[in-house]
Amino acid sequence: MLFDTIAAISTPKGEGGIAIIRISGDKSFEILDKIFIKKNPNADLGFYKLNYGFIKDGEKIVDEAMAVRLKAPKSYTCEDIVEINCHGGTLVSEKVLELVLRNGARHAESGEFTKRAFMNGRIDLSQAEAVMDIIQGKTEKSVSLSLDQLRGDLRDKVNEFKKALLDITAHVNVVLDYPEEGIDDPLPVELRDNLEKVYEEANRLIDSYDTGKK
């Protein structure tokens, strides 16, 4: 692991039915073992399944909760992740978070889970940006565009642009490096059309982004 273990309350602050505390890093499972008691002592915690039990502080029961373990690299951050579902409300969720921090985690900075997903290769920069845009989206159009971006549509389109431009550059380099070949037009009609197409589609992407933000 390249990072320490971080934790934060992932749900909005305030009263609510459920609060989720997310932990990411190599100490995630160890921390869960220290503060979580399974309702059924013989149950296997396993991975990718919710387990019912209680959050404890020493011998004291703090809350009943559900916990799930996500094994690296098959998680949002590509690290070991634990998500604890406890009762909502500031007091209970803050108490559970305090226990997690006391047992080896550091309070995550804003956006740090997504930053780790990017640093670990789980998502690219455009997808990381899309996550924040979805959270902050004010219109259906902006959220829809951000979902497309999160799925990798923008990345795929940019890769198409890159390939087209590399093909054009390769042709021009051949003309410049081997003038004896007698190629009169350094940029044939087909490649010129491809260049114009890239320019038009790039501008269309920029316009759609600006429109979606309104």
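Using the three backbone atoms N, Cα and C, a Cβ is placed for every residue, glycine included.
Shown for the domain 'GTP-binding protein TrmE N-terminal' (5-122): DSSP residue counts in helix, strand and coil, namely 29 helix, 41 strand, 48 coil. Feature annotation from TrEMBL assigns domain 'GTP-binding protein TrmE N-terminal' to 5-122.
The domain 'MnmE helical' annotation in TrEMBL covers 125-213. The average pLDDT computed over the domain 'MnmE helical' (125-213) stands at 74.
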